[in-house]
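The substrate binding site feature in TrEMBL is assigned to C:THR132, C:ASP206, C:GLU231, C:LYS262, C:ASP266. Positions annotated as NAD(+) binding site by TrEMBL: C:GLY298, C:GLU299, C:VAL300, C:GLY301, C:LYS302, C:GLY303, C:GLU319, C:ASN422. For C:41-60, the entry in TrEMBL reads compositional bias 'Low complexity'. The annotation domain 'S-adenosyl-L-homocysteine hydrolase NAD binding' is assigned in TrEMBL to C:267-428. The region 'Disordered' annotation in TrEMBL covers C:29-74.
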4 protein chains.
Amino acid sequence: TQGYYSKYNFHGLSSWPQIQFVEDKQEFSRFPTKAGRRSLSRSISQSSTDSYSSAASYTDSSDDETSPRDKIQVNSKGTNDFCVKNIKHAEFGRREIEIAEQDMSALISLRKRAQGEKPLAGAKIVGCTHITAQTAVLIETLVALGAQCRWTACNIYSTQNEVAAALSEIGVAVFAWKGESEDDFWWCINKCINMEGWQPNMILDDGGDLTHWVYKKYPNGFKKIRGIVEESVTGVHRWLYQLSKAGKLCVPAMNVNDSVTKQKFDNLYCCRESILDGLKRTTDVMFGGKQVVVCGYGEVGKGCTAALKAMGSIVYVTEIDPICSLQACMDGFRVVKLNEVIRQVDIIITCTGNKNVVTRDQLDRMKNGSIVCNMGHSNTEIDVASLRTPELTWERVRSQVDHVIWPDGKRVILLAEGRLLNLSCSTVPTFVLSITATTQALALIELYNAPEGRYKQDVYLLPKKMDEYVASLHLPTFDAHLTELSDEQAKYLGLNKNGPFKPNYYRYTFPC
Amino acid sequence: TQGYYSKYNFHGLSSWPQIQFVEDKQEFSRFPTKAGRRSLSRSISQSSTDSYSSAASYTDSSDDETSPRDKIQVNSKGTNDFCVKNIKHAEFGRREIEIAEQDMSALISLRKRAQGEKPLAGAKIVGCTHITAQTAVLIETLVALGAQCRWTACNIYSTQNEVAAALSEIGVAVFAWKGESEDDFWWCINKCINMEGWQPNMILDDGGDLTHWVYKKYPNGFKKIRGIVEESVTGVHRWLYQLSKAGKLCVPAMNVNDSVTKQKFDNLYCCRESILDGLKRTTDVMFGGKQVVVCGYGEVGKGCTAALKAMGSIVYVTEIDPICSLQACMDGFRVVKLNEVIRQVDIIITCTGNKNVVTRDQLDRMKNGSIVCNMGHSNTEIDVASLRTPELTWERVRSQVDHVIWPDGKRVILLAEGRLLNLSCSTVPTFVLSITATTQALALIELYNAPEGRYKQDVYLLPKKMDEYVASLHLPTFDAHLTELSDEQAKYLGLNKNGPFKPNYYRYTFPC
Amino acid sequence: TQGYYSKYNFHGLSSWPQIQFVEDKQEFSRFPTKAGRRSLSRSISQSSTDSYSSAASYTDSSDDETSPRDKIQVNSKGTNDFCVKNIKHAEFGRREIEIAEQDMSALISLRKRAQGEKPLAGAKIVGCTHITAQTAVLIETLVALGAQCRWTACNIYSTQNEVAAALSEIGVAVFAWKGESEDDFWWCINKCINMEGWQPNMILDDGGDLTHWVYKKYPNGFKKIRGIVEESVTGVHRWLYQLSKAGKLCVPAMNVNDSVTKQKFDNLYCCRESILDGLKRTTDVMFGGKQVVVCGYGEVGKGCTAALKAMGSIVYVTEIDPICSLQACMDGFRVVKLNEVIRQVDIIITCTGNKNVVTRDQLDRMKNGSIVCNMGHSNTEIDVASLRTPELTWERVRSQVDHVIWPDGKRVILLAEGRLLNLSCSTVPTFVLSITATTQALALIELYNAPEGRYKQDVYLLPKKMDEYVASLHLPTFDAHLTELSDEQAKYLGLNKNGPFKPNYYRYTFPC
Amino acid sequence: TQGYYSKYNFHGLSSWPQIQFVEDKQEFSRFPTKAGRRSLSRSISQSSTDSYSSAASYTDSSDDETSPRDKIQVNSKGTNDFCVKNIKHAEFGRREIEIAEQDMSALISLRKRAQGEKPLAGAKIVGCTHITAQTAVLIETLVALGAQCRWTACNIYSTQNEVAAALSEIGVAVFAWKGESEDDFWWCINKCINMEGWQPNMILDDGGDLTHWVYKKYPNGFKKIRGIVEESVTGVHRWLYQLSKAGKLCVPAMNVNDSVTKQKFDNLYCCRESILDGLKRTTDVMFGGKQVVVCGYGEVGKGCTAALKAMGSIVYVTEIDPICSLQACMDGFRVVKLNEVIRQVDIIITCTGNKNVVTRDQLDRMKNGSIVCNMGHSNTEIDVASLRTPELTWERVRSQVDHVIWPDGKRVILLAEGRLLNLSCSTVPTFVLSITATTQALALIELYNAPEGRYKQDVYLLPKKMDEYVASLHLPTFDAHLTELSDEQAKYLGLNKNGPFKPNYYRYTFPC
């Protein structure tokens, strides 16, 4: 297979059918195929940017520069079907996994409930995700439920090497390390799939690279896949739906990105906390009394405004949509045009998904010492490019913090160069990753066990009932006790006592 | 037509096809056809239960017991095509209308924007709604836009007589008074429809009685109707959808009950305020430090919990749905079974739509002095019937407030006999009624002007764009300024600059 | 004694020494001596203005116009040492007292703890307070602790006649009814004091009238008083302190108005709830999105702003004090001059204690439909007098609600004619009255039992330890459990294990 | 003077009169004289523990191990009256100072207002504080107002070397560097005071070491001091007040630690933000739904609870004081004994000032994965010592984060080894330091300019009016506009139009 790999032409990717990439630049990865995937960005931050990783990794100080591909390693059981940085760091990685398990009790609980039945017995899963302690808890859950797993990384920087070692030590075939080259990346994917006498029947993907590879390189193998579970916006919307539309998706796929539970945690609940965290870690700004304008009052904007209001900031909102505007009014925020407040605000936060929401002209009018940052979809919301002109001086004062200095000495503090603040400057709680991982596990179980015909060759959302099940697995964390319907009540409401409790179109609202 | 009316057999209603009435008892009306209509209940409260009505009406002290049907009245222009309590009270009613206009600037603004085009020129609208000052602002708006209107009341108690007089004075044919008999009710409806040489072409209904009447009694006339706008849950779900399903709806109908804007104001925003108001007016309870359990964490529950938390209460939530439960956790509420906290709570509030959520057994275990009330759908949530047993004493201590006294002297304070608290014990702000009225006006305009074929013989939701328009008409109230997309941004987002800004399936979230 | 009374010259009051009355007009009473007493005003509202009183009183519909002074009544025990409206209404009043007891468990608990020792055995207390169900619970507690009590009303309108009857029925000598004349007022006070063979040794006063009467009319009796407990600002600051300063206070007095616990409940906690209640009951205004300016950021202002912010209003603050201003900033409010926002706000609330905070010139610039009200000390904060000019029309639209109409039709809604909103338009929770009553009871016990020399002929604040005891008696209402210091911890902190836990100068802060 | 220094006997300190040191261990300093000083601890954190310092300092990577005392350095003006790490780093330090100036506009504004008058002309100030960029802004303000300054560090670790260089470069005599020995520490102090022909007349101290040194070593010089401004609790309460009590304080001193403005920012407002920051940076915990118990409901506790409640945590409070308990109830928190909730809580935060608030027995019962930290006065609140037993394993997982592991595998996460979380794991906003520095500057001006006799040989609090002035200087940061009293209003209120606006005993309340 090594030979096969060498024939791979990276640039050939751009000739893939049906896939149009939008103009957003990928934030952390060199690969255009990973453009704009929010969940990826979130996850990566945990392993690559926080202070924890330095404590939790030998890697930084490692003087071992040999490529893992050139090393010969065996684990303590004598097997060598893996390729990681250093198998000897397995013990350290094991501890990381154990710590992660503490906040992922939903998965542990799923293990316990389902391991008798082994619902994944016979499943041969290839996975391509970030390889972190949280992912390891997922993989070990899949194994406990009966699956065989082979795994690779969906991002060249995000692998926690010690965790990869710990997985390899217990026999999971992992091919991944931190700091892969492009060539390494595809080599690892290929190693993951291509094993003598082993034919994968399930795919768990985050970004679509693995799926794409199998589709292109192993078209026969692709047809034998029973289901694909895809995590990312990109993988779902720019790849699976396109493939489906073109009639070329011969496998049922599940879009776990858009499940209710995951969405709410990724956006409203997570941002409510990370806006404070991201601003504090970078600028130590005091929130009390600060005038802040939040551009966009979708879920991210709602989370940000609620948190800042609670901390004593005076918050303005800009919106294009009158319904969201009316909500902002009712929630106690003045709805303004950015130009009305640009000279007075201390902080601008963009959460729109739009581009050039903050322009150079507006940045010119901001106060000395004001802060500009982005919590929205991509790095285009603030017109950062417009600030790269000769008359402005950029001064990097901390990691992720630039002072842009005007000729008159005015400084505007730009965070993360306009990329996602919560991606770059704060972390994602393990609990949120637990929601995602549990959703992935259930989607795999559902697709693998679904009776013939339930799923066609199409892209599906997670059934409401499974969304509810993910939620219910996380309730014990909060010691929350569900009320059960009596037979009489269930009949009165026309519901099954075990759910689903809402129709699929039901709109959950999330006050904060 | 008087003769025709006399043949009408009231009980014949039960033989209507396709209509199943659920078991909830109608709260304020004697008519089974009006069962369970939330919006009706809300609106009625304003005119019938608050202290305002006493100030704003001569009726209470009126010694005139003659039935309006037996009186001969003419307005100042000499016409007599109306039937109201006392045309001489028109001036008083006019002032009420003027006061209402102050909080209904969206309708006034719609009048101004659209009266040049007269989009309702030629429209002959029959209406059957509560007749209040707010409704008058709606009717006069329709007239300003070119419509001819004839109106009757959808509820026998809710008519503000002076307002009916004021409308009649300016030439709107109103047939309604406070305290109609059943016979009066249908007589009025018939008078409204049945005028020599005048054929209605639009219906605005709240509860389905008018629609039903036309459908049954004037089948030929029914076919000439260009559109029906229906306000109530009952009218929509128990009547129009059933008719449509049976293939008998030969007219396009618009369900304005389920428009986003209306829903949110009726539930979350309104309840956030009315739970405090209703409890205070009835019990003068201090909220600070009180332990409260809110049963149900839908939008009504979210509004109630947010308000009470803000006032310093300690709030518990019960839920059957794990997703809603998880939200309650993230919003800072402990999710419990009612039995876990029943002995310690000071207040129980039901918001479930379910029945027997609070049982006699639980009421037996409540503390002395605790309060029980209902903010949910119907009057079945608290098992009030179970309290009507010989060993318990009921003591009416105020209007809408009963002390139920156990043999050991324990008192439980039951509000509104378990009916809707906000219906019975608080009022609906004019602003909320403005949202509803504006939605109705736009729905009429849309149906009346829609090109052939846009609407079939079916029930429709208000298009997202019109929902947005309703919202935008209310923004000036808050001096809120919308941001407009640039051409470049609209293109980037793939949106029209004038909206709609969200796809129809978009989930608006409403933090509080 | 009747003869004695007849010699009383009411206008002679103005010749009292040392007492200067400020210009504020008394709000409910005709008596200048009661000017500006906040707590009085609060308490009266409960009995005189809410909807409850109508349910809880026969009085309104009573056709009995005979003066109680001209009636001969005996209670069921055959005694007649009382003068009330109708002794036959005692049973109804008893029920009112029982209901009040439910929210006054601190007093009941005090009864239980102290009734073995009878700490008031031998005490002969004359009282002059509002006579309401809550006061009855206090009086009956004093009796249970051993005291003999004679009581009169401190306000001519506030007596709940049925409660007065119930007290008289069990043998408390009450002289009071609703709707006394000035002459009646002083006659009752005199009857209360002047009983053959009975010499009062304690005074409980609310407003200073009783104290004053004894001081002036019975100077010898005054010297035999062991202690005075005074409730009101007026009584304390305009009477006792003045007397003390003039060297004429020959009796120790306790100022319970300024005890920490009472102050906080009267101001911050109470106003946080009553601002919402008062606005809703009078105007049904929707709070969400409203722009409100609160003048003054003391405790009342802090309570009002916190509540309105929580309900979704956008709140501005005006202040003269930079420290309070800085707090407002940190709490998330913009600090402005009134003129900056006068044209845009929907509601103005004054809480300053100052005069002419809202001037005619500013009222001229307010929006149509805006609301103006006062939560501050007196009725001078809004310059209401300036609105009584010929070009403006006043229209009374409800009780306590006037529309002031400008020549161009603009209406400004003035509540309670600028008097205290929470006095006039909302109620005081029994729990708050319980704090006050418990404080009074403990002050009486303390003064009555204090060893010789502990209190001189001066005005005292309640000792911190007793303030703590009042608080601790109210904790069971909230099922709150105090932590106790270990011996080691008490020693470390240098505290007695039973308190006081803070030095007298300690500043308690009250976040909301 | 070098010789003089060598005779100094460090341990002789313990023989100082009147000074008793409590048992708390100093947190960051080796010097017992600095025990327990909160403000010190706060300030140090900024320079020594946050991520900023690494960006803002060459020091860490410096290979220059020579002691500054052994170096010969001159600044660009050729003077050498200073001793810092490396004068060449002055430019870097200058930028740090400029950045700090942006958030210290109150001081800049004071400079502008007062530099015409030069109110400190002739003042010769010796200072001993943390030497950070913020302090530099203070020192340069003093210089701008006419003072001559010589400065040394009050802590051996907290000096920002580049800032010290920048000050030395412009001619301020600074003697300080990061990482001094004890010997260095006193050498620097002595160098600071002891300059040929220069006699200090003012002292600005933080901790009392400088004052103590002058008092002991230069008794004649001490008598010539016109005033001492002391910042720390320790300096004030354990040293100045003791000295005063002993009749040995021959100089007026001002206690700026207890000024209202400073207190509130140091406690309530600062902790409201730093509790979230400290927990997030160390543990990345998600706040939503977490059960938290906060021990102590003083200002720090109020800040912590308000912030966590706003983030969706369920918060319990423990208290010993019934008044604080009642406040907690009214603010919506259940008041419990720690043992009642110990098994269920996720996070314990101590804010009591007490010792052994969390015992080993309680730690034994906590849940796996729970977090324990301290926001209170000293490091004794959690009985950390009890965790250092053989059966428990400590694992350092990050800086400031230990997992304490029980034999059954349970992990409790202990932050900062029980020391102050906000000291160790978060930063102090420059705005808060600005309040402190402005207070210090005004205190110096006041003492230096006070007419003979205004201040005796005693310890004073900052006059209310100056407290108000500090606040007013910070209002422009928030664009807050004070209302001014009219003459008529000032007269009505009995106030001077320019303040003070409250009597000295006034209790400011601080809602959050």
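We count from 1, first residue shown onward.
Backbone N, Cα and C define each Cβ position, glycine as well.
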If you average pLDDT over the domain 'S-adenosyl-L-homocysteine hydrolase NAD binding' (C:267-428), what do you get?
94
When the Cα-Cα distance from C:GLU319 (NAD(+) binding site) is computed for each of the binding-site residues C:THR132, C:ASP206, C:GLU231, C:ASP266, which gives the smallest value?
C:ASP266
Given the binding-site residues C:GLU231, C:LYS262, C:ASP266, state which is nearest to C:GLY298 (NAD(+) binding site) when distance is taken between Cα atoms.
C:ASP266
Have a look at the binding-site residues C:GLU299, C:VAL300, C:GLY301, C:LYS302, C:ASN422 and say which one has the shortest Cα distance to C:ASP206 (substrate binding site).
C:ASN422
How many other Cβ atoms sit within 10 Å of the Cβ of C:ASP266 (substrate binding site)?
21
Count, for each of the binding-site residues C:GLY298, C:GLY301, the other C-beta atoms lying within 10 angstroms of its own C-beta, and report the residue with the smallest count.
C:GLY298
Cα-Cα distance linking C:ASP266 (substrate binding site) and C:LYS302 (NAD(+) binding site), given in Å to the nearest integer:
13
Rounded Cα separation (Å) that holds between C:ASP266 (substrate binding site) and C:VAL300 (NAD(+) binding site):
9
Fewest Cβ neighbours within 10 Å, where candidates are the binding-site residues C:ASP206, C:GLU231, C:GLU299, C:GLU319:
C:GLU299
Span of the NAD(+) site, taken as the largest CA to CA distance across C:GLY298, C:GLU299, C:VAL300, C:GLY301, C:LYS302, C:GLY303, C:GLU319, C:ASN422 (Å, rounded to a whole number):
21
Cα proximity to C:GLU231 (substrate binding site), best match among binding-site residues C:GLU299, C:GLY301, C:GLY303:
C:GLU299
Given the substrate binding site residues C:THR132, C:ASP206, C:GLU231, C:LYS262, C:ASP266 in the record, what is the largest Cα to Cα distance, rounded to whole Å?
18
In the three-state scheme derived from DSSP, which category covers C:LYS262 (substrate binding site)?
helix
Distance [Cα-Cα, Å, rounded] between C:GLY303 (NAD(+) binding site) and C:LYS262 (substrate binding site):
15
Near-D candidates in C:GLU231, C:ASP266, C:GLU299, C:VAL300, C:LYS302, C:GLU319, the binding-site residues, by Cβ under 8 Å:
C:GLU299, C:LYS302, C:GLU319
C-alpha spacing of C:LYS262 (substrate binding site) relative to C:GLY301 (NAD(+) binding site), in angstrom:
17
So, three-state DSSP: helix, strand or coil for C:ASP206 (substrate binding site)?
coil
For C:THR132 (substrate binding site), list the number of other Cβ atoms lying within 10 Å of its Cβ atom.
27
Quick one: Cα separation, C:THR132 (substrate binding site) versus C:GLU299 (NAD(+) binding site), in Å?
27
Inter-residue C-alpha distance, C:LYS262 (substrate binding site) and C:GLU299 (NAD(+) binding site) (nearest angstrom):
13
Taking the Cβ of C:VAL300 (NAD(+) binding site) as the centre, how many other Cβ atoms fall within a 10 Å radius?
29
